[in-house]
């Protein structure tokens, strides 16, 4: 372990910069809004992501190159606007000689210190999981989706355009605009630009910070809203947040789903604001008015993190909203206001029915409905997995699962907690459907998550964490009734129960979670394919020393060479394994070896500034027919005029593309 820590020390600046970008811009805004303590810090990452991602869209539209300064401007502007609005409101109140509202209740020192302690433990558990799972800060995620994400960051750094409205053109280069949620890539690019880290190191830093810092912070904000100013609750929340394999650890390995990692890390904080917005009383400094102001900003951040997380929020958030609405109707009925309550209730049912019907049938979502993930367990087994915290056939998390189940029972007895029960069961039901059913109805219902059980399982801890806290609070209250323990108090006993869970779970299953993260980061996975092995990375360093920064390298992306751009800054013709490539790219991929004999190929190569050919072994997903779609990018015939510049004994080679004359179709002079 000491060797691992030593290997990660050079990446510490990148990790600290990632924390700063994820927290500080948003903290400026939440503080200017009037939030303090746990809620100011807990909602800050969601605001940071929103201001950075929205700022990237605005900067692109204004033709401003992406930079750390440009990324910081939206947060500064919003903070100044909110501070000015608060100042103006105070001045107006003075002019009218109106009494000032009472200051909001603060968390108090015990709550603040407890939250800090819990977050510190969560950060340590999360850091251990990340370090042990990734092994090295330079490790690559050897997964299909990672190719796009690495290349997208490389393009942002090279071209200065970080907009979600244009990022999709990476794999649709013929389009003027193509949407792809860019919040993840924006944050990673800022770490690259600020800390000088490489794309892989910056990616690992942001992934680790999301799992070990942002997610626990977000869960702490939700628990602060749900459970109130209980120091034991805010201490337990971040610790428990690290104990679920479904999130965040699964999304650090499967896919790899980094954009979903960003979005789902923020959902608890946004849910906290939703609960505060529909609540009858202010939650400390988070009044209903402040929640309403904050909510649109946070929703923008979710949408640009990943749109599917907006649907996750909608499913879970429907229950506190519905619960609040039902209570309001109940008060109206008890007051005899039937003429208002009945039409309002019927109108709400009609609106919800219409919206759900449109979502399930609209052709707008046909593309996501087309994703077909086969069922892999029976319905009963899927239910068992959700109950045991063992989604996607992982090992059971007995300790945490028992605490969550206790929380489910305890929540039924407290009105403020009851909505957590149906919300949790709704998330679990969606997972069960995706994991065990292939019916058209299941496809329609789960389409917003690409019918993917991993994305749906990630929703379960959003309510699982507060339910686990409720369970520990119930245990603390029960123990407090025993002779000799009442002097410790409910909060003290809850804290002791949290320590027991931490110890009993072996540090929140950190070693188990690390072994799962490790699956996608193995440098040489035994018995499976890989994108880039150590020999290829070493050869790519040689390529970077030969190829000038302004040249384009042609390559078969299935050799792993799509990552050349992210690893060395040298642009490649095919930055992802698949894409809606242009006619020029298709022609080069099939006929680059004819560059001297075919005038059309010569013209396209010249226009595309392709000056080098990189050849390697297509050993990622062996047998995939798509790797055969680049016949013109194989090792060229020695008589074709390609000049060998570098090679190694593993089959990697770099060639200079011969000069040609598009008009003559023959070698150009000189």
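Using the three backbone atoms N, Cα and C, a Cβ is placed for every residue, glycine included.
Among the features that TrEMBL reports, transmembrane segment is placed at 6-29, 38-63, 109-131, 201-223, 230-251, 257-279, 286-304, 338-360, 395-413, 425-450, 456-480, 492-510 (among others).
Just going by CB pairs under 8 A, the stretch in 38-63, 109-131, 425-450, 456-480, 492-510 that sits most against the transmembrane segment (286-304) is 38-63. Sequence-distant contacts of the transmembrane segment (492-510) (same chain, at least 6 residues past either end, Cβ-Cβ under 8 Å): 114, 121, 125, 128-129, 132, 230-233, 235-236, 239-240, 242-243, 245, 397, 399-400, 403, 472-473, 475-477, 479-480, 485. Within its own chain, the transmembrane segment (230-251) has Cβ neighbours under 8 Å at 38, 107-108, 110-111, 113-115, 117-119, 121-122, 125-126, 129, 133, 210-212, 215-217, 219-220, 222-224, 257-258, 260-261, 264-265, 389-392, 394, 397, 399-400, 403, 454, 457-462, 464-466, 468-469, 472-473, 476, 490-492, 494-495, 498, 501-502, 505, 508-510, 512-513, 516-517, counting only residues six or more beyond its boundaries. Counting Cβ pairs closer than 8 Å and at least 6 residues apart in sequence, the transmembrane segment (6-29) and the transmembrane segment (338-360) reach fewer than three and form no contact. Counted over residue pairs separated by six or more positions, the transmembrane segment (38-63) shares at least 3 Cβ pairs under 8 angstroms with the transmembrane segment (201-223), which defines the two as touching. Across 109-131, 201-223, 257-279, 425-450, 456-480, the stretch most heavily in contact with the transmembrane segment (338-360), judged by Cβ pairs under 8 Å, is 425-450. Within its own chain, the transmembrane segment (201-223) is flanked in space by residues 11, 14-15, 17-19, 22-23, 38-39, 41-46, 115, 118-119, 122-123, 125-127, 129-130, 134, 137-139, 141, 149-150, 153, 184, 187-189, 191-192, 195, 233-234, 236-242, 247-249, 252, 258, 261-262, 264-269, 271-272, 275, 462, 465-466, 469, which lie at least six positions past its ends and keep a Cβ under 8 Å from the stretch. Within the chain carrying the transmembrane segment (257-279), a Cβ under 8 angstroms from the stretch's Cβ atoms is held by residues 39, 42-43, 45-46, 49, 145-146, 149, 181, 183-184, 187, 203, 206-207, 210-211, 214-215, 217-219, 221-222, 224-226, 247-248, 251, 286-288, 290-292, 294-295, 298-299, 301-302, 305-306, 308-310, 312-313, 316-317, 320-321, 324-325, 454-455, 458-459, 462, 465, all 6 or more beyond its ends.
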